[in-house]
Amino acid sequence: MGDLRYADPVVDDFRDLCRLADADTHQAPGPTPGGVMNMDWHGAWLSVIHHPLFGIAITLGAYQMAMAVYERTRWLFLQPVLVSMVVVISVVLFCDLEYTEYRKSTEILSTLLGPATVALAVPLYLNMRRIRQLFWPVLTTLVVGGVFATGLCVGFGVLFGADHMILMTMAPKSVTSPIAMLVAEQIGGVAALAAVFVLITGVFGAIFGPGLLSLAGVDNPAARGMALGLTAHAVGTSVALQEGEESGAFAALAMSLMGVATALFLPLAMSLAI
């Protein structure tokens, strides 16, 4: 067979290839592509929070979650509007999302406010006979309640030394934001700050209004609806709708009439007072 030292060169080449393969097998592993993976996760996260539907998703999700919690607990301070507002603000701040981008992604919700407001005519129509029966009590409640709500707010502002601009901004607090912002500008207030006062009024009215009415012995659905609609506008109307159809109808009526009366008579009253 011959001496093995003088083996065929082909065999030597094969042995060299085996040694190289064995060395590659036992070679220390290189760096894992974790950095690339982390970059992919970061990019996916940015794609989610900057998606055009992200704002709508967190808004609707927060409100549905708040509604579920409130329905389960019925705790006053867990009003859906308040809880969902806190959740949305927290998510926007945590995601470092610009308000302009969030507002742009939720423009469709603002557009739907119009049809939602018009839809309040449905309970009004269904309870039209009851509204006609209570025409004079409704009118009296509107005049007394509207004057009291506006006058009490301005009176407390004067008592605590608020300046003229703040007083004019707080005066239309009991109507919806679009009306309040326009009226505030007309009488010398700040429109953006008026919207804040409107929001605070609605949330506090929804939290404390039903309990105070029950404590005062007000059980009539029409009276409760009028009170909530006059003082807490749209937020109070949503609470009244949860109590019943009749209460919601009178709340929608009160909110609408209060808005019209404020837009027509508050600028006139302030011009005469000044």
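Using the three backbone atoms N, Cα and C, a Cβ is placed for every residue, glycine included.
If you check TrEMBL, you get these features:
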type: TRANSMEM; residues: 44-63; note: transmembrane segment
type: TRANSMEM; residues: 75-94; note: transmembrane segment
type: TRANSMEM; residues: 106-126; note: transmembrane segment
type: TRANSMEM; residues: 138-167; note: transmembrane segment
type: TRANSMEM; residues: 187-213; note: transmembrane segment
type: TRANSMEM; residues: 225-242; note: transmembrane segment
type: TRANSMEM; residues: 248-269; note: transmembrane segment
Q) Are the transmembrane segment (44-63) and the transmembrane segment (106-126) close, by which I mean at least 3 Cβ pairs under 8 Å that are 6+ residues apart in sequence? A) yes
Q.
Within the same chain, where does the transmembrane segment (138-167) have neighbours whose Cβ lies under 8 angstroms from its own Cβ atoms, ignoring anything closer than 6 residues to its ends? I mean 6 or more beyond.
A. 131, 173-174, 188-190, 193, 223, 226-227, 230-231, 250, 253-254, 257-258, 261-262, 266
Q) Short question: which residues 6 or more past the ends of the transmembrane segment (225-242) have a Cβ under 8 Å from it? A) 79, 81, 117, 120, 123, 138, 141-142, 145-146, 149, 174-176, 198, 201-206, 209-210, 213, 218, 248-255, 258-259
Q) Do we see three or more Cβ pairs under 8 Å linking the transmembrane segment (75-94) and the transmembrane segment (248-269), pairs being at least 6 apart in sequence? A) no
